[in-house]
Amino acid sequence: MPDIVIDYELLNQLGKDTDTLKHKVSDARTGDHNYSENEIGRVAWVVSLYYQAWSGAFKHAWDLLESLSGTYTAVAQQWFDQDAAYAATANEQAQGFTHAIWSMKKQAYDNWQKLSHEPITVHGFDKNGNPYEIQTTIADPDKPPEAPGDEPQHYEFTSADGSEHSTTSTYDSDGKLTSNDTYVTDGDGGMSYHEHTAFGDNGSYTSTVNHPDGSTTVETVHGNSDGTGTRTDVYTGPDGETTTTTYTGTGVGGDHPNPVWTNTDPDAAKDDDGGGDHDGGGSNGSHTGVGSTA
């Protein structure tokens with residue numbers, strides 16, 4: 001069975017074209033059509049009668065075009081939002097890999113500088129068994145490793161379809177990641193996705209995602225040293241309406257975080273086994289939540 005492929009770029013353009021057609025129909029329906037014979041001759045009454053007779057049909061066509069435009073655009077935005085979230089994760093990982101390689105090169109270069117410029121005393125014996133001392137270095141000062149260059153804090157990628165992905169990261173003095181700022185656009189289509197995440201201690205972070213439909217998700221996690229934590233998701237729709245969901249969790253921090261979140265709302269939906277609502281670590285669009293459901 002062949003794979004199903006949805007071209008959301010085409011859907012997005014179709015939504016725009018349908019919206020343009022909708023406005024043209026609206027202009028035809030609501031415009032002034034009371035022409036005089038001096039303007040267009042004896043057919044003036046025929047034109048006026050035509051628009052009167054078809055006013056209902058124009059209104060019906062406008063309603064259909066309004067619905068189609070909204071549907072095409074909404075589907076395109078939802079599919080792009082999902083793909084953009086994956087693309088953002090991949091771009092952030094690529095930036096992380098680039099920084100990790102730089103860190104290894106810097107460590108090797110720093111070690112070479114230390115070991116090639118700080119002499120040590122080596123004790124030995126000559127062929128007659130007499131002890132002697134020489135000053136030398138562990139690393140050859142004439143054979144430096146590759147210089148690491150400037151610390152990489154930005155990674156960008158443009159795909160064959162024209163979509164652009166960029167990530168800017170910040171690090172503390174120890175090289176620990178403190179924030180990611182990622183943009184994904186679909187090129188000339190006009191859709192965009194933006195995510196900013198600031199990281200703290202014990203698995204804490206705040207992630208703000210601006211979705212292509214104009215909605216926003218803010219996910220805030222506070223982790224404790226014992227691995228427990230709380231999470232608050234605030235979703236603001238395109239209409240400004242806000243929904244807040246809170247969770248408690250375990251396995252939040254540590255070297256290998258695997259958070260399990262439990263919805264604190266007593267009215268949260270029950271699963272088939274009768275348990276509370278659990279979440280595996282992150283709202284749609286956030287790339288900081290890893291974990292499993294319980």
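Note: Cβ is positioned from N, Cα and C throughout, glycine not excepted.
What TrEMBL says about a protein is an automatic prediction, not a curated fact.
What TrEMBL lists as region 'Disordered' is 139-183, 203-294. Annotated compositional bias 'Polar residues' per TrEMBL: 165-183, 203-233, in sequence order. What TrEMBL lists as compositional bias 'Low complexity' is 236-249, 285-294. For 267-280, the entry in TrEMBL reads compositional bias 'Basic and acidic residues'.
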When secondary structure is assigned with DSSP, how many helix, strand and coil residues does the region 'Disordered' (139-183) contain?
0 helix, 20 strand, 25 coil
List, by number or range, the same-chain residues at least 6 past the compositional bias 'Low complexity' (236-249) whose CB is under 8 A from its CB atoms?
213-218, 221, 228-230, 259-265, 279, 281, 291
Looking only at the compositional bias 'Low complexity' (236-249), how are its residues distributed among DSSP helix, strand and coil?
0 helix, 9 strand, 5 coil
Summarise the compositional bias 'Polar residues' (203-233) as counts of helix, strand and coil residues per DSSP.
1 helix, 19 strand, 11 coil
